[in-house]
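**Q** Below, the features straight out of TrEMBL:
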type: REGION; residues: 20-62; note: region 'Disordered'
type: COMPBIAS; residues: 33-58; note: compositional bias 'Basic and acidic residues'
type: DOMAIN; residues: 69-115; note: domain 'G-patch'
type: REGION; residues: 88-120; note: region 'Disordered'
type: COMPBIAS; residues: 110-120; note: compositional bias 'Basic and acidic residues'
type: REGION; residues: 189-239; note: region 'Disordered'
type: COMPBIAS; residues: 198-208; note: compositional bias 'Acidic residues'
type: COMPBIAS; residues: 209-223; note: compositional bias 'Basic and acidic residues'
Amino acid sequence: MSSDEEDYMSDAFLQKCIDTRPGLAPKHVQQKAGKEKLQKEADRKSRTVSRHKLEATQREAGLNASIAPSSKGFALLQKMGYKPGMGIGKEGTGRIEPVSIELKSGRSGLGRESEMKRKTTEMNQMRAELMAKRRKAEEKLRDSFVGRNVERFAEKNVERDLRTAQKACLQLDQEKGILEPEKNFFWPASSLPLQKGDEEEEEDEVEESSLRHRPLENEHSNDSDFDNDLDSENNSAADPFADFSEMERLDVVTRYLRNVYCYCIWCGTRYNDQEDMNSNCPGNTADAHD
C-alpha cells in the first residue's frame, strides 16, 4: 500500500467521519430536550445577581486590585516620590499594600468579638484547671484508698503472724517445761497464768466501783483514782514493752523463737542449730519469705 492511500481501518480515518447514527430517543423527545436546554441558557444569561453577592464580588475585586493611578491618594504619593511597588516611609520599608478592610457582618458593638474571644479563652483555661484539679483529687483519693487498704491488710497480717508466734512460743515453752512466759505478750492472753497481783487488782477494781456509787465519799474515790494513775505509771515504767506496737512485739517474739528454739514461724520449721537456720531461712520478716 502506498503512503498516499488512506487506511480505511485506522482511527484517524474514523475520526474524520461524521456521526450519522440515529438517536435513541424519538424525535419529539429530542425537540423537547433541545427547547429545555435553550431555555436554561436564556435563564442563566438573564438571571440577575443579588445585591449582596454583587457587593461582595466588587469589594473582593477592589481589595485585590492595586491603587489605580487615577486615585487622588496615588497622585499625592507620586508627588512625594512614590513609585508603584515600593514601600512607604523614608526608607521605603513600610507597608506596600493598603490596610485591609474587615467587614462586620453582625450588629454587635465594636470590641465585643474580641471580648467574647477573651472570655472564651479564660473559660477554657478555667475548665482545664478544674479538670486538672479534679483529676489530681481523684488520683489522690484513689492512692489514699489503695494505701489504706494496703495498710489495713498489713495490719491484719501482723496480727495473724503475732498470734501464730505466740502459739508457737507457748507450745515450745511448755515442751521445755516453762510455766510462765518471759514476757506477757510471748503467749496468748488466754493462756497467761493468773497472778496474785492481778487478783488484788480485780479486788481493788471491785472496791473502786462500789465507792463510785457512794455520793458521800467522792473524796475517797478521787484519791483511789489518783492511786490507780500512779500504779499505771509505775507499771509502764517497770514494763518497757507496754507501749510496743504489734509489729514491734512480733519482732521481739520471733527473735526469741529464733535465738532460743531456732524456729521460724514463716518457714514453719525448727532447725537443728543457728548455722542451719541462717543457711536455709531467708530472714526474720514476712517480706523475706515472699
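Note that Cβ sites are derived from N, Cα and C of the backbone, with glycine treated the same way.
Buried or exposed, and what's around them? Tell me for each listed feature.
**A** Within the chain carrying the region 'Disordered' (20-62), a Cβ under 8 angstroms from the stretch's Cβ atoms is held by residues 101, 103, all 6 or more beyond its ends.
Assigned with DSSP, the residues of the compositional bias 'Basic and acidic residues' (33-58) fall into helix, strand and coil as follows: 22 helix, 0 strand, 4 coil.
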